[in-house]
Every structure is written in C-alpha cells, then in structure tokens.
Amino acid sequence: MRYNQFSYIPTSLERAAEELKELGFDLDLQKTAKANLESFLRKLFFHYPDSVYPLSHLIAKNDMDALSFFQSEQELSKEVFDLLALQVLGFIPGVDFTEADAFLDKLAFPIHFDETEIIKHIHHLLATRCKSGMTLIDDLVSQGMLTMDNDYHFFNGKSLATFDTSQLIREVVYVEAPLDTDQDGQLDLIKVNIIRPQSQKPLPTLMTPSPYHQGINEVANDKKLYRMEKELVVKKRRQITVEDRDFIPLETQPCKLPIGQNLESFSYINSYSLNDYFLARGFANIYVSGVGTAGSTGFMTSGDYAQIESFKAVIDWLNGRATAYTSHSKTHQVRADWANGLVCTTGKSYLGTMSTGLATTGVDGLAMIIAESAISSWYNYYRENGLVCSPGGYPGEDLDVLTELTYSRNLLAGDYLRHNDRYQELLNQQSQALDRQSGDYNQFWHDRNYLKNAHQIKCDVVYTHGLQDWNVKPRQVYEIVNALPSTINKHLFLHQGEHVYMHNWQSIDFRESMNALLCQKLLGLANDFSLPEMIWQDNTCPQNWQERKVFGTSTIKELDLGQELLLIDNHYGEDEFKAYGKDFRAFKAALFKGKANQALVDILLEEDLLINGEIVLQLKVKSSENKGLLSAQILDYGKKKRLGDLPIALTQSSIDNGQNFSREPLKELPFRENSYRVISKGFMNLQNRNNLSSIETIPNNKWMTVRLPLQPTIYHLEKGDTLRVILYTTDFEHTVRDNSNYALTIDLSQSQLIVPIASN
C-alpha cells in the first residue's frame, strides 16, 4: 500500500479541535500531547465498556504495550506516535511491517509527527485511509460511533454516513419529456427510479443516466451482430460535408392535474456502489434509462440529443420545470418537493457518455458530472479514420446493435406486441444512416458528436479514464478535456487500467475527493477543498499517482524507424484466416509474438521518455492495389514488472459504504512481470489519409505520405527500454477482415515516429 492523499483539507488548530469535539473526542489544548493521544485512543474503543483491555492489545514500543506506556512517565515520541497510528489504521506489527520507519517511508505516510501539533495529527489521522480502504472516521461511523439521525454531519469538509439506509424511500415517477421519438403522437414518458433517505431537509441528487438499468436484450443484440469478414470497399473520391443542427424539443403545456400521493414503489435496482456511498451521506440516488427502455416510452435513438433530452427532462423536473406523473395513466402529477434541485451525474461507459451529453446542454441544475470511461464522439467509438472499427473486445458491434441491446421495451411482451413493428422500421432507418459500408463520417455521426457543443458546458466536470481502455479508447477523454471551456472547474484522473471503475482502489482516495467536491457543489459547504486538474497513475511502479498539468504537450521528439523497405502482406491462408476470425485473442497473441503478418521495428531508447499526448506515425507507404487499411500498435517490449490492466480484489468486503450497508471489495492493479504492454494503437483507411472529410483515391504502387495518429496516452519509458512498432493491415479484433491479396510497402528511411514528450 502507498498513500496518495488528495482529499485531506489542511485545517487550522482551532477548526480541528472544534470538529473533534463535535465527534465526541474529549481533547483539550491545555493537556499534554500524550494525554490527548490517550484520550483519543480510548474513544476509539467505544464498543467496549472498559478501554483497558483493547488498549493493552496495542503496542507503543517493541517492548511495551500502549496501556503500560500511558501509565508510565515516558514522554510521547515520534516512534510511539507512528507505531500507534499504524495500528489504529489496521496495520499489524510483525505481519505488515517490522521496522516502522522503513514501512512509513514505503507507505508515503502523510502525517509527520510534531508534539505541538498533536490535535492536528489526530484530525488528519481520522481522515486517513485504513488498510481496509476506508478512512478511519468512516470506519468508526460505520461501526456506529454516530447515530443515524438522517441529518448532515461533516468532518474535514466531507459528509459522514449518518442517514439511515434501512429506512430508505423507494419510489417511481414518470417524467414527461418534450419528445416523440417513436412518432406516435404522444410525448414520451421517462421512468425514474428514486432511492432517497428520509429527511426533513432538501436533498441533492446523484443521477445515473443508464440505458442498461431497465434490462438488456442480449438475444436481439447477438442476432444483430455483423460479420467482420468482408472486403474493404473502394470508395469514390469525394468531400464530406455536415452541418451543426440545434436540437429543438417539442412544446409542453403546464400541468393542471392534482398532486398524487400514492407512488409506484420497488424493492431493488442494481445500484452503483459509489451512489450507495453518497446515499448514506444524504444524497438521493435516481436511476434513469431514458427513451426506448422498459417502463418508458419512445424509440431508442442511441446517442443523439433526443436521447440526451430524455435525461435532461428529469433534471428539469427536479427543478420544477417539467411534469412527472404517478403512473402511465397520467391522472395525477408529482413534484420533487424533497429535492434541492442540484444534480451530479455518475456512471461509467454509456452512463458516463450520457453525462457528457447532458453537460453540453448547459441545463440548469446540473452542478457536476462524474463521467468514467465516457464517449465524447460516437463516430470515434465505432469508426476510426474512415474505417469501421469495433470497440475492443466486441467485434461486429455497431450502434444499431447497441440499440437492440438497450431497447428493453421489447422485453415487455405487451410493448413488443403493440410497438415492435414500428420499432423495426425505425431501427432499419438507423442501420442505414450509420453507413457501415463506407465507414465514413456523416450527419448521423455528427449529430452524436458532443465535442462540437463542449463550449456550452458550465458545470464542474470530473473524468476518469483508463489508458489501457481499448473499449472506450483514450481519445474520447483526451478530446473532451482539451475542448472544455477554460472558465469551468475540471478534473481528470488517468489510471493504468482498462474499462473499469476506480472508486474502490486502495492507492487513491477518489471516493473521499468526490465527497469533498460534492459537498461544495451540491450542499454549498464552504470547505476550501482544492483538487488538482489532472492526476495520473505512474506506470513504472505500483500505487503511485502524480499531479500533471496537461494531457497532451506540443514538444515532440522524432524517432527514426530505419532504412529498409518493409513489405506487409494482407493475405492469410484459409485455415489461419478462419482461426483468427474465430478467436481474435489468438490473433493478438500471434501479433505480439511477431508471427502474424506485420512489419516490425524495435527502437532501443537511449534516454528516459515521458510520452504525453498523441503519438503520430508519419509513413511513406504504397499499396499494391487501389485500397488498403493500415493498423499500428506501439509496445513497451521486453520482460519487466508492469502494472496489470485489471484490478484485483485485495479484500472481499472490507469497504462499508454506510453503517453496515453496501459492502464492497478493496481493489488495486497488480504489479507483475510480463513480456510487453501496449502503449497505443491506431487504424486508418488509406483513402482517408488526409482527414475524415476527404476521400482520396489510392494509386497502385505509388508512394503516399501518411500521418496516422495513435491513441493519446501518458506513459513513462526508461533508458534501455525497447519501443516496439508493429505495422500491419487487418486487425481481427477491431477492423473489417479483408483477406484479399494485396500488400503494403513501408519505406522506413522516409518514415518517423513522432512522440509528444513532457518533462518528468
């Protein structure tokens, strides 16, 4: 374990003493440091009728227990404080450590003993993570140190778990959206699942916009998947044009219906544990699946601003600007009289994507988004540089396949009976509009590109993204964070994992940092919390996070690739082609072992290199035919210890998100020896070699200059490391599988790897 503490708010002595007193700690500025520490420790054992016994089970020195120390005349020293602090946080002498000083250095322990600062040290200790993954104060509250009185209690600028999660209100309302996405002449209704604690105070809301939460149709999804085996189409030379079109919602009328009291209820919904954490701290949770999902009406428009509007309508309702009904019969309306109107959206992948889309509307009431692994341009999710390009792990998927997965109205037999014919018509229109034949950018994709509206974002934004996420690739977050207005508060966490959540990782206090931010933004707490704009997980060692200033630098280093002419054959033998098509993982294994068709260049680094931004391959290339696709991957190659990309559980249920509520495992990325790590990758239809808007011809056997931008990253390579460049054509995970008999030739003498670099 190593501490990377971003959530602690430096506190004055007076404020620290006041907060400790509010928690029931009997500390006195006039007492000695030793007496105050003893009083603090005894309070920790509030479950015991007598603190003598548990105190005797701590050691103050290697040869003295804590009880004996406090009964002695010996003075409090750094050695004693450090040893006791470690034990209070759950570290066991002789098991987790033998030499405390060395262990503290390894931990990067954030508290440095000064006898005159003991009150502040105790305050800081309570806000510091235990070995279990919870802060000490959260651990104590979870054990019942504070009663669940359904009111707010704060410590170090963060809300504590004092809301009773055993008496939650669970209710359903149906919000009227200014939409008619299925064109049935009726405004669409949006189902909203609400979970909120009982409270006399207006509550802020965490809203998870999740098209998955009302169920998914995996059978329809699998039937809709596309075969990837097809020839690369030769496209006609042309220029693509699109236009920015404002989304115009339909008109709605003020509701004059009576207020209803009897709301639909529910017992369970698949919740997000970060939401659960805040539910216990006085934040209502709502789950909204939007148009075209079970319980709602309308068509699943998948990614456009009509879908975004269906979520926006819910924020409007929370602020009194939209109508909600008690049921589909629309006999009574219901108002959000429990809400303070301030909303933060949460969730990963599609969920985080909807958060970005919502933010670009500038809707009043949306105070903050926490968007994890979020898409900012749907074209860049399903296409790349004029190619159909499947997200990592999902060959054959496209946006209409996702529509089939999430149009959960068809899981309700009555809805299927009444609406499936119309749904199939609209789905067919969507399938045609996305143009899988060419892979080109068009108006359909432009209408699902949130980047063009990034200037309208006015809420605070928090993004998290994995630099090993080949599902929602790093370009998605790179482009949105660099398009954000300079006037807003923005924060970016870049981790070394894949498509995963990070709130329950051991090495970073993400949960607590979000608590401090949300108390600021949604509760109006003046806590003076400041979070860096960007925090990056160092790839060279375990559990090390660093503050960085920017994602993407303008300083570049050009690396020569060699002098040879390299030939890349596109064609595989029939058996090999079928085997790779059946299992793309077998293809990846062969590719990284140098066995698949490829041109390979190894670059031995003569100095450290901190990559920060978009690597570009500038290549001199020619094709034997009038078509060609180019794929590239950059590896950190050679055996050494590296971070894995999938977090593993260190404990099974040590994190309590309330008071014995929604427990979850503590996780972390492992640090193990392996043979390589993918740094970046990229794909291009050579007919789109200049830009997305220009379709060019490919002259047979004529040299072309190609600039292939790869996925942005931040990655630290050290002197002596090997940077491996792999150039090839068909990628059996991502691209169409064209097995035609053509070849590409690369002139390495006229080619470079252009690397954006930053100072370390």
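Quick reminder: no glycine exception, Cβ is built from N, Cα and C everywhere.
Per Swiss-Prot, the feature active site, charge relay system maps to Ser349, Asp469, His499.
Positions of the features from Swiss-Prot, shown on the structure.
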{"residue": "Ser349", "record": "active site, charge relay system", "DSSP class": "coil"}
{"residue": "Asp469", "record": "active site, charge relay system", "DSSP class": "coil"}
{"residue": "His499", "record": "active site, charge relay system", "DSSP class": "coil"}
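Around the Cβ of Asp469 (active site, charge relay system), the number of neighbouring Cβ atoms within 10 Å comes to 23. For Ser349 (active site, charge relay system), the Cβ neighbour count at a 10 Å cut-off comes to 20, with all displayed protein chains included.
Taking a C-beta cut-off of under 8 Å and a sequence gap of six or more, His499 (active site, charge relay system) has these contacts in its own chain: Lys348, Ser349, Ser373, Gly392, Gly466, Asp469, Trp470, Asn471, Val472.
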